[in-house]
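K.L.:
Dropping a structure here in C-alpha coordinates format, bear with me for questions.
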Amino acid sequence: MSKSLRKTHPLLKMANNALVDLPAPSNISAWWNFGSLLGLCLIIQILTGLFLAMHYTADIETAFNSVNHIYRDVNNGWFLRICHANGASFFFACLFIHVGRGVYYNSYLYIPTWMIGVIILFMVMATGFLGYVLPWGQMSFWGATVITNLLSAVPYLGTDLVQWIWGGFAVDNATLTRFFTFHFILPFIVLALTMIHLLFLHQTGSNNPLGLNSNVDKIPFHPYFVYKDIVGFIIFMWILIGFIWKFNYLLMDPENFIPANPLVTPVHIQPEWYFLFAYAILRSIPNKLGGVIALVLSIAILMILPFTHTSKFRGLQFYPLNQILFWNMVIVASLLTWIGARPVEDPYVLTGQILTVLYFSYFIINPLMSKYWDKLLN
(Lines of atoms letter the chains of each structure in order from A and count residues from 1; the text may use other names and numbers.)
(Lines give C-alpha, C1' and ligand atoms only; values in the text may rest on other atoms or scores of the structure.)
Protein backbone atom coordinates (compact mmCIF):
# COMPACT_ATOMS: atom_id res chain seq x y z
CA MET A 1 0.00 0.00 0.00
CA SER A 2 1.45 3.39 -1.07
CA LYS A 3 2.04 6.08 1.52
CA SER A 4 0.03 9.30 1.53
CA LEU A 5 1.52 12.24 -0.40
CA ARG A 6 1.70 14.34 2.78
CA LYS A 7 4.05 11.72 4.25
CA THR A 8 6.35 11.41 1.23
CA HIS A 9 6.55 14.85 -0.43
CA PRO A 10 9.59 16.72 1.02
CA LEU A 11 7.68 19.97 1.69
CA LEU A 12 4.36 18.44 2.72
CA LYS A 13 6.20 16.02 5.03
CA MET A 14 7.54 18.96 7.08
CA ALA A 15 4.06 20.49 7.38
CA ASN A 16 2.62 17.06 8.20
CA ASN A 17 5.12 16.46 11.00
CA ALA A 18 4.41 19.91 12.48
CA LEU A 19 0.62 20.20 12.06
CA VAL A 20 -0.97 16.82 11.33
CA ASP A 21 0.85 13.80 12.74
CA LEU A 22 2.62 15.71 15.53
CA PRO A 23 2.20 13.72 18.78
CA ALA A 24 0.70 16.10 21.37
CA PRO A 25 -0.12 15.49 25.06
CA SER A 26 -3.83 14.68 25.38
CA ASN A 27 -4.35 16.92 28.43
CA ILE A 28 -2.99 20.32 27.32
CA SER A 29 -5.39 23.09 28.31
CA ALA A 30 -6.49 26.38 26.72
CA TRP A 31 -3.29 28.00 28.05
CA TRP A 32 -1.48 26.11 25.27
CA ASN A 33 -3.63 27.86 22.62
CA PHE A 34 -1.66 31.09 22.86
CA GLY A 35 1.28 29.74 20.84
CA SER A 36 -0.93 29.28 17.78
CA LEU A 37 -2.68 32.62 18.51
CA LEU A 38 0.73 34.31 18.39
CA GLY A 39 1.26 32.76 14.95
CA LEU A 40 -2.09 34.21 13.87
CA CYS A 41 -1.14 37.63 15.32
CA LEU A 42 2.16 37.60 13.42
CA ILE A 43 0.39 36.79 10.13
CA ILE A 44 -2.19 39.56 10.73
CA GLN A 45 0.58 42.07 11.52
CA ILE A 46 2.68 41.13 8.47
CA LEU A 47 -0.30 41.29 6.07
CA THR A 48 -1.78 44.56 7.39
CA GLY A 49 1.73 46.05 7.63
CA LEU A 50 2.48 45.09 4.03
CA PHE A 51 -0.60 46.96 2.73
CA LEU A 52 0.09 49.95 5.00
CA ALA A 53 3.68 50.13 3.70
CA MET A 54 2.30 50.53 0.15
CA HIS A 55 0.75 53.89 1.12
CA TYR A 56 3.09 55.13 3.88
CA THR A 57 5.97 57.53 3.16
CA ALA A 58 8.98 57.51 5.50
CA ASP A 59 9.70 61.24 5.32
CA ILE A 60 9.25 63.69 8.20
CA GLU A 61 7.41 66.17 5.93
CA THR A 62 4.81 63.67 4.73
CA ALA A 63 4.74 60.73 7.23
CA PHE A 64 1.92 62.16 9.40
CA ASN A 65 -0.12 63.16 6.34
CA SER A 66 0.43 59.76 4.70
CA VAL A 67 -1.16 58.07 7.74
CA ASN A 68 -4.03 60.57 7.43
CA HIS A 69 -4.26 59.73 3.71
CA ILE A 70 -4.49 56.00 4.56
CA TYR A 71 -7.47 56.76 6.84
CA ARG A 72 -9.32 59.08 4.45
CA ASP A 73 -8.46 58.09 0.88
CA VAL A 74 -7.37 54.43 0.82
CA ASN A 75 -10.18 51.91 0.45
CA ASN A 76 -10.64 50.35 3.93
CA GLY A 77 -7.35 51.99 4.94
CA TRP A 78 -8.83 53.02 8.30
CA PHE A 79 -9.50 49.34 9.04
CA LEU A 80 -5.96 48.29 8.05
CA ARG A 81 -4.35 50.94 10.26
CA ILE A 82 -6.55 50.32 13.31
CA CYS A 83 -6.23 46.54 12.85
CA HIS A 84 -2.42 46.90 12.73
CA ALA A 85 -2.25 49.20 15.78
CA ASN A 86 -4.67 47.18 17.94
CA GLY A 87 -3.29 43.91 16.55
CA ALA A 88 0.06 44.89 18.12
CA SER A 89 -1.65 45.31 21.51
CA PHE A 90 -3.34 41.90 21.19
CA PHE A 91 -0.01 40.41 20.05
CA PHE A 92 1.69 41.61 23.24
CA ALA A 93 -1.24 40.50 25.43
CA CYS A 94 -0.92 36.97 23.97
CA LEU A 95 2.89 37.13 24.35
CA PHE A 96 2.68 38.01 28.03
CA ILE A 97 0.13 35.23 28.68
CA HIS A 98 2.32 32.76 26.71
CA VAL A 99 5.40 33.70 28.78
CA GLY A 100 3.34 33.57 32.00
CA ARG A 101 2.16 30.06 31.15
CA GLY A 102 5.77 29.03 30.48
CA VAL A 103 6.81 30.35 33.91
CA TYR A 104 3.82 28.79 35.72
CA TYR A 105 4.21 25.32 34.20
CA ASN A 106 8.05 25.41 34.18
CA SER A 107 8.22 25.15 30.37
CA TYR A 108 11.56 27.01 30.61
CA LEU A 109 13.21 23.64 31.31
CA TYR A 110 13.20 23.17 27.52
CA ILE A 111 16.23 25.47 27.50
CA PRO A 112 16.86 26.05 23.72
CA THR A 113 13.13 26.65 23.09
CA TRP A 114 12.93 29.06 26.03
CA MET A 115 16.05 31.03 25.03
CA ILE A 116 14.82 31.47 21.45
CA GLY A 117 11.45 32.53 22.90
CA VAL A 118 13.06 35.29 25.00
CA ILE A 119 15.02 36.48 21.93
CA ILE A 120 11.71 36.59 20.00
CA LEU A 121 10.22 38.68 22.84
CA PHE A 122 13.11 41.17 22.54
CA MET A 123 12.69 41.29 18.74
CA VAL A 124 8.93 41.88 18.94
CA MET A 125 9.46 44.65 21.52
CA ALA A 126 12.01 46.29 19.19
CA THR A 127 9.55 46.02 16.29
CA GLY A 128 6.76 47.54 18.41
CA PHE A 129 8.95 50.48 19.44
CA LEU A 130 10.05 51.18 15.85
CA GLY A 131 6.43 51.03 14.66
CA TYR A 132 5.36 53.53 17.32
CA VAL A 133 7.73 56.11 15.79
CA LEU A 134 6.41 55.82 12.21
CA PRO A 135 3.18 57.92 12.41
CA TRP A 136 5.46 60.86 13.37
CA GLY A 137 3.09 62.31 15.94
CA GLN A 138 4.21 64.10 19.11
CA MET A 139 4.60 60.90 21.15
CA SER A 140 6.35 59.17 18.21
CA PHE A 141 9.00 61.89 18.01
CA TRP A 142 9.56 62.39 21.73
CA GLY A 143 9.36 58.65 22.48
CA ALA A 144 12.08 58.04 19.87
CA THR A 145 14.19 60.87 21.31
CA VAL A 146 13.93 59.66 24.92
CA ILE A 147 14.40 55.92 24.28
CA THR A 148 17.30 56.25 21.80
CA ASN A 149 18.95 58.73 24.19
CA LEU A 150 19.20 55.91 26.75
CA LEU A 151 22.08 54.51 24.71
CA SER A 152 24.13 57.56 25.71
CA ALA A 153 24.45 55.81 29.10
CA VAL A 154 26.81 53.27 27.50
CA PRO A 155 30.29 54.16 28.83
CA TYR A 156 32.72 55.77 26.36
CA LEU A 157 30.74 54.85 23.18
CA GLY A 158 27.36 56.28 24.27
CA THR A 159 27.23 59.65 22.45
CA ASP A 160 28.66 58.25 19.19
CA LEU A 161 26.23 55.33 19.37
CA VAL A 162 23.21 57.65 19.72
CA GLN A 163 24.33 59.87 16.81
CA TRP A 164 24.99 56.77 14.70
CA ILE A 165 21.43 55.53 15.32
CA TRP A 166 19.93 58.98 14.70
CA GLY A 167 21.96 59.49 11.52
CA GLY A 168 22.74 63.03 12.71
CA PHE A 169 22.67 65.23 15.79
CA ALA A 170 18.93 64.83 16.47
CA VAL A 171 15.98 62.57 15.61
CA ASP A 172 15.36 63.56 11.99
CA ASN A 173 14.58 62.27 8.51
CA ALA A 174 17.44 59.74 8.51
CA THR A 175 16.12 58.31 11.80
CA LEU A 176 12.60 57.87 10.45
CA THR A 177 13.85 56.22 7.23
CA ARG A 178 16.00 53.66 9.04
CA PHE A 179 13.29 52.99 11.65
CA PHE A 180 10.82 52.22 8.85
CA THR A 181 13.38 49.92 7.18
CA PHE A 182 13.97 47.96 10.39
CA HIS A 183 10.27 47.92 11.28
CA PHE A 184 9.62 46.31 7.89
CA ILE A 185 12.37 43.66 8.08
CA LEU A 186 12.15 42.63 11.77
CA PRO A 187 8.79 40.77 11.56
CA PHE A 188 10.33 38.45 8.95
CA ILE A 189 13.28 37.81 11.29
CA VAL A 190 10.71 37.09 14.04
CA LEU A 191 9.01 34.66 11.62
CA ALA A 192 12.34 32.86 11.03
CA LEU A 193 13.02 32.72 14.79
CA THR A 194 9.50 31.33 15.31
CA MET A 195 10.36 28.45 12.95
CA ILE A 196 13.51 27.75 15.02
CA HIS A 197 11.40 28.00 18.21
CA LEU A 198 9.03 25.35 16.82
CA LEU A 199 11.92 23.21 15.59
CA PHE A 200 13.37 23.03 19.12
CA LEU A 201 9.91 22.50 20.64
CA HIS A 202 9.24 19.52 18.36
CA GLN A 203 12.55 17.93 19.39
CA THR A 204 11.27 17.52 22.95
CA GLY A 205 7.48 17.70 22.58
CA SER A 206 5.17 20.00 24.50
CA ASN A 207 4.96 20.31 28.25
CA ASN A 208 1.56 19.58 29.84
CA PRO A 209 -0.45 20.75 32.89
CA LEU A 210 0.71 17.79 35.00
CA GLY A 211 4.39 18.32 34.21
CA LEU A 212 4.80 14.58 33.59
CA ASN A 213 6.29 12.65 30.68
CA SER A 214 3.30 12.23 28.37
CA ASN A 215 4.86 9.86 25.80
CA VAL A 216 2.48 7.07 26.85
CA ASP A 217 -0.57 9.29 26.30
CA LYS A 218 -0.16 11.32 23.12
CA ILE A 219 -2.68 11.97 20.37
CA PRO A 220 -2.23 13.34 16.82
CA PHE A 221 -2.36 17.13 16.50
CA HIS A 222 -4.94 16.83 13.73
CA PRO A 223 -7.91 16.77 14.14
CA TYR A 224 -7.99 17.27 17.94
CA PHE A 225 -5.82 20.35 18.46
CA VAL A 226 -6.34 21.80 14.99
CA TYR A 227 -10.04 22.22 15.79
CA LYS A 228 -9.23 23.43 19.30
CA ASP A 229 -6.91 26.07 17.81
CA ILE A 230 -9.55 27.08 15.25
CA VAL A 231 -12.02 27.69 18.11
CA GLY A 232 -9.32 29.88 19.72
CA PHE A 233 -8.84 31.74 16.40
CA ILE A 234 -12.59 32.42 16.07
CA ILE A 235 -12.85 33.76 19.65
CA PHE A 236 -9.69 35.85 19.17
CA MET A 237 -10.86 37.36 15.85
CA TRP A 238 -14.31 38.06 17.34
CA ILE A 239 -12.73 39.98 20.25
CA LEU A 240 -10.17 41.78 18.01
CA ILE A 241 -12.73 42.92 15.40
CA GLY A 242 -15.18 43.93 18.16
CA PHE A 243 -12.39 45.96 19.74
CA ILE A 244 -11.46 47.56 16.39
CA TRP A 245 -15.06 48.67 15.77
CA LYS A 246 -16.01 49.71 19.29
CA PHE A 247 -12.84 50.82 21.13
CA ASN A 248 -10.52 51.56 18.19
CA TYR A 249 -8.54 54.40 19.83
CA LEU A 250 -8.69 53.22 23.46
CA LEU A 251 -5.08 51.97 23.54
CA MET A 252 -3.61 54.84 21.51
CA ASP A 253 -2.16 58.06 22.92
CA PRO A 254 -4.10 61.28 22.10
CA GLU A 255 -0.76 63.14 21.81
CA ASN A 256 0.11 61.04 18.77
CA PHE A 257 -2.72 62.62 16.77
CA ILE A 258 -0.76 65.91 16.88
CA PRO A 259 2.04 66.24 14.25
CA ALA A 260 5.57 65.99 15.68
CA ASN A 261 6.97 69.29 16.91
CA PRO A 262 10.58 69.35 18.19
CA LEU A 263 9.92 72.71 19.90
CA VAL A 264 7.03 71.55 22.12
CA THR A 265 7.57 68.74 24.65
CA PRO A 266 4.47 66.75 25.71
CA VAL A 267 3.52 67.06 29.40
CA HIS A 268 4.10 63.35 29.94
CA ILE A 269 6.20 61.21 27.57
CA GLN A 270 5.28 57.53 27.66
CA PRO A 271 5.45 54.49 25.35
CA GLU A 272 2.55 52.18 24.43
CA TRP A 273 0.88 50.27 27.30
CA TYR A 274 2.81 47.04 26.62
CA PHE A 275 6.14 48.74 27.43
CA LEU A 276 4.94 50.63 30.50
CA PHE A 277 6.05 47.98 33.04
CA ALA A 278 9.63 48.12 31.69
CA TYR A 279 9.45 51.93 31.43
CA ALA A 280 8.36 52.14 35.10
CA ILE A 281 11.36 49.97 36.09
CA LEU A 282 13.66 52.26 34.04
CA ARG A 283 12.30 55.36 35.80
CA SER A 284 12.59 53.77 39.25
CA ILE A 285 16.40 53.78 39.16
CA PRO A 286 17.83 57.28 39.82
CA ASN A 287 21.03 56.49 37.86
CA LYS A 288 20.82 56.56 34.03
CA LEU A 289 23.08 53.57 33.34
CA GLY A 290 21.48 51.63 36.22
CA GLY A 291 18.04 52.36 34.76
CA VAL A 292 19.05 51.08 31.31
CA ILE A 293 20.52 47.89 32.85
CA ALA A 294 17.30 47.37 34.88
CA LEU A 295 15.23 47.95 31.72
CA VAL A 296 17.11 45.23 29.79
CA LEU A 297 17.12 42.91 32.83
CA SER A 298 13.33 43.21 33.22
CA ILE A 299 13.08 40.89 30.18
CA ALA A 300 16.55 39.24 30.10
CA ILE A 301 16.05 37.91 33.65
CA LEU A 302 13.69 35.32 32.12
CA MET A 303 16.83 33.64 30.74
CA ILE A 304 18.06 32.73 34.24
CA LEU A 305 14.91 30.74 35.12
CA PRO A 306 16.18 27.35 33.84
CA PHE A 307 19.33 27.74 35.96
CA THR A 308 17.58 28.72 39.20
CA HIS A 309 15.06 25.88 39.02
CA THR A 310 15.14 23.92 42.30
CA SER A 311 11.76 22.14 42.55
CA LYS A 312 11.35 18.37 42.36
CA PHE A 313 7.98 18.61 40.60
CA ARG A 314 7.42 20.43 37.33
CA GLY A 315 4.99 23.34 37.52
CA LEU A 316 3.62 25.59 40.24
CA GLN A 317 0.37 23.60 40.43
CA PHE A 318 2.09 21.43 43.08
CA TYR A 319 3.40 24.40 45.09
CA PRO A 320 0.63 26.45 46.78
CA LEU A 321 3.00 29.09 48.20
CA ASN A 322 4.64 29.55 44.78
CA GLN A 323 1.21 29.98 43.21
CA ILE A 324 0.49 32.88 45.59
CA LEU A 325 3.90 34.32 44.70
CA PHE A 326 3.23 33.93 40.95
CA TRP A 327 -0.15 35.70 41.03
CA ASN A 328 1.39 38.37 43.24
CA MET A 329 3.97 38.83 40.47
CA VAL A 330 1.17 39.23 37.89
CA ILE A 331 -0.38 41.97 40.06
CA VAL A 332 3.04 43.65 40.48
CA ALA A 333 3.57 43.66 36.68
CA SER A 334 0.05 45.11 36.19
CA LEU A 335 0.71 47.83 38.80
CA LEU A 336 4.05 48.65 37.13
CA THR A 337 2.11 49.14 33.87
CA TRP A 338 -0.17 51.59 35.68
CA ILE A 339 2.77 53.41 37.36
CA GLY A 340 4.53 53.78 33.98
CA ALA A 341 1.61 55.90 32.76
CA ARG A 342 1.70 58.21 35.82
CA PRO A 343 3.75 61.43 36.02
CA VAL A 344 7.18 61.36 37.70
CA GLU A 345 6.12 62.71 41.12
CA ASP A 346 5.31 61.41 44.58
CA PRO A 347 3.75 59.03 45.48
CA TYR A 348 4.26 57.37 42.07
CA VAL A 349 8.07 57.41 42.17
CA LEU A 350 8.25 55.60 45.53
CA THR A 351 5.48 53.16 44.51
CA GLY A 352 7.40 52.36 41.30
CA GLN A 353 10.60 51.71 43.24
CA ILE A 354 8.83 49.35 45.68
CA LEU A 355 7.17 47.50 42.77
CA THR A 356 10.53 47.23 40.95
CA VAL A 357 12.09 45.58 44.03
CA LEU A 358 9.09 43.21 44.27
CA TYR A 359 9.34 42.39 40.53
CA PHE A 360 12.99 41.32 40.69
CA SER A 361 12.64 39.66 44.11
CA TYR A 362 10.22 37.11 42.57
CA PHE A 363 13.13 35.52 40.69
CA ILE A 364 15.07 35.13 43.97
CA ILE A 365 12.23 34.08 46.31
CA ASN A 366 10.49 31.63 43.94
CA PRO A 367 13.27 28.96 43.80
CA LEU A 368 13.85 29.28 47.57
CA MET A 369 10.13 28.83 48.23
CA SER A 370 9.86 25.70 46.06
CA LYS A 371 12.95 24.21 47.77
CA TYR A 372 11.35 24.93 51.16
CA TRP A 373 8.08 23.25 50.07
CA ASP A 374 9.96 20.15 48.84
CA LYS A 375 11.68 19.98 52.24
CA LEU A 376 8.28 20.12 53.96
CA LEU A 377 7.07 17.18 51.84
CA ASN A 378 10.08 15.11 52.92
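Each residue, glycine too, has its Cβ placed from N, Cα and C.
Keep in mind that what you see is a predicted model, and the values were worked out from it rather than measured.
Residues or ranges marked as transmembrane segment by Swiss-Prot on the basis of similarity to another entry: 34-54, 78-99, 114-134, 179-199, 227-247, 289-309, 321-341, 348-368. Summarising the annotation, Swiss-Prot assigns heme b b562 binding site to His84, His183. Among the features that Swiss-Prot reports, heme b b566 binding site is placed at His98, His197. Summarising the annotation, Swiss-Prot assigns ubiquinone binding site to His202.
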K.L.:
For the transmembrane segment (321-341), could you work out the same-chain residues 6 or more beyond its ends whose Cβ comes under 8 Å from its Cβ atoms?
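P.N.:
Same-chain residues near the transmembrane segment (321-341) but 6 or more away: 96, 100, 103-104, 270-271, 273, 275-281, 283, 311, 348, 351-352, 355-356, 358-359, 362, 365-366, 369-370, 372-373.
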K.L.:
Where, among 34-54, 114-134, 227-247, 289-309, do we find the most CB pairs under 8 A to the transmembrane segment (78-99)?
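P.N.:
Going through each listed stretch, the top one turns out to be 34-54.
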K.L.:
Among the binding-site residues His84, His183, His202, which residue has its Cβ surrounded by the fewest other Cβ atoms within 10 Å?
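P.N.:
Per-residue Cβ counts within 10 Å for the binding-site residues His84, His183, His202 bottom out at His202.
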K.L.:
Below 8 Å Cβ to Cβ and six or more residues apart, same chain only. Which residues does that give for His197 (heme b b566 binding site)?
P.N.:
Thr113, Ile116, Gly117, Ile120
K.L.:
Run the contact check on the transmembrane segment (289-309) against the transmembrane segment (34-54): 3 or more C-beta pairs under 8 Å, excluding pairs closer than 6 in sequence.
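P.N.:
Counting Cβ pairs under 8 Å (6 or more apart in sequence), the transmembrane segment (289-309) does not reach the transmembrane segment (34-54), since there are fewer than 3.
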K.L.:
What residues in the same chain, six or more past the boundaries of the transmembrane segment (227-247), come closer than 8 Å to it by Cβ-Cβ distance?
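P.N.:
30, 33, 36-37, 40, 79, 82-83, 86-87, 90.
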K.L.:
When the Cα-Cα distance from His98 (heme b b566 binding site) is computed for each of the binding-site residues His84, His183, His202, which gives the smallest value?
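P.N.:
When the Cα distances are compared, His202 comes out closest.
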K.L.:
At the Cα level, what's the spacing in Å between His183 (heme b b562 binding site) and His202 (ubiquinone binding site), rounded?
P.N.:
29
